[in-house]
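These features come from TrEMBL:
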- 11-109: domain 'Mur ligase N-terminal catalytic' (DOMAIN)
- 115-295: domain 'Mur ligase central' (DOMAIN)
- Gly117, Ser118, His119, Gly120, Lys121, Thr122, Thr123: ATP binding site (BINDING)
- 317-445: domain 'Mur ligase C-terminal' (DOMAIN)
Amino acid sequence: MKFELDHNVNHIHLIGIGGISMSGIAEILLKEGFQVSGSDVAATPITERLKAKGARIDFGHHGTLVEDADLIVYSAAIKGDNPERVLGQKSNIPEIDRAKMLGKIMKSYPYAIAIAGSHGKTTTTSFISLLLEYSDLDPTIMVGGNLAEIGGNIKIGNSDYFVTEACEYYESFLQFQPKIGVLLNIDKDHLDYFQDMDHIIRAFKGFAELVPPEGHLIAFNDNEHIRGILPDIHCQKVTYGLREDSDFTAENVVYNDLAHPSFDLYYQGKNLGPITLQIPGMHNVYNALAAIATAFVLGIPLEDIQKNITRFKGIHRRFDVLGKVKGATIVDDYAHHPAEIEATLEAVRNYKHRKVWCVFQPHTFSRTKALLDDFSKAFALADHVILADIYAAREKDDGVVSSESLLALMENHPDTYYLKSFEEIRDFLYPRIQAEDIVLTMGAGDVYRIGEMLLDLNNRK
């Protein structure tokens, strides 16, 4: 592989090296023989793994590893006043952002596959990656979560295939160079950056336009925003969904007691046979259709798709069954957008259960404020809802919105509570849950800890 960098580069320094995407880039660079250093705020299993592979890592942004670097790579969270970036600029060290570096890596793979969408990127990337992996295509994989089958978030292959997520935040995916683009959905999100829905649609259209004429765009035909941009996209297009005019469709969808769906796969009106999934929900039928369409474009035989798609058991924090407490099932999910909450609750409703206790931790003040009304309507399928405090992530609390703001809008839900601490939530839930209930924690922050706390309390009883 040969990276097209603008000058001779041996030592590359990554600011924020412990991030899920930056760490993947670091591993690829190490494999290619570059000297890699980096910095992050604290040691994690990811940074320890990178150090074991040869990366030099500094904790804190002291700049001790920057001075002899030939190139600095920084993530979107690293602003221009970061001490290491300032030092690099004073030393005239070139710098590029994470997305541009990933785009340069993608360009070196003849079959770069990028999966974009407001929801479902990590799961669909995992589906596609494993269909290639189990077909002995030996792809390089970068996924935004912990995929057990590859032992983490990154797997370095020795082939022409590269599979990665394409994040729309800050329009990062416009730096990518995919041969195959997958467009899962377009929805209202990241409104701390995007001005409005039109801005979001333009960004996704820009991503679709990156696919070359000889490449393929795999597009979700049930999404009106995607259908609206398809006439202006000039590569080869393959659609999927439940609409009859889709190339790939699913019919006769049924669920088992764990909410795992099975369906008949159709291509342009022809029944190709049954598909069975080991992960729950209708939203994962759509994700599977996207992966199947991609596999067909790559020439993977149908029988291999049918056999191997059932081997995917899910990804960390996506409908993660943590264990049992008093006979109730504890499930954790990353859902942090109203559409994701609704999809996850719909999946739970197909799971054998008595009552659904939903614990939701809103993620970021900006998202909560922008989508407050949508959030208030997203929990209709939950029997009981408990709201935790907002997880700030990269933001500061300006006092404009809180979980109590959401509670006030949910007065029509029959059973909704706001509890300030995780300990209060644990102590509220434990005496109330019963056998065959489901306790579902949802959010992109640290709400999973509540499930762990319930399991720990149960073990001590």
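Residue 1 is the first one shown; counting continues down the chain.
Placed from the backbone N, Cα and C atoms, the Cβ positions cover glycine too.
The C-beta environment of Gly120 (ATP binding site), restricted to residues of the same chain at least 6 apart in sequence and closer than 8 Å, consists of Leu184, Asn185, His283, Tyr286, Asn287, Ala290. Counting neighbouring Cβ atoms within 10 Å of each of the binding-site residues (His119, Lys121), the lowest count belongs to His119. DSSP assigns Thr123 (ATP binding site) to a helical segment in the three-state reduction. In sequence order, Thr124, Val182, Leu183, Leu184, Asn185, Ile186, Phe220 are the residues of the chain that are 6 or more apart from Gly117 (ATP binding site) and have a CB within less than 8 Å of its CB. Cβ packing within 10 Å was compared across the binding-site residues Ser118, Thr122, and the lowest neighbour count falls to Ser118. Taking all protein chains in view, 30 other C-beta atoms sit within 10 angstroms of the C-beta of Thr123 (ATP binding site). In three-state terms derived from DSSP, Ser118 (ATP binding site) belongs to neither a helical nor a strand segment and is classed as coil.
Across the domain 'Mur ligase N-terminal catalytic' (11-109), DSSP classifies residues as 38 helix, 22 strand, 39 coil.
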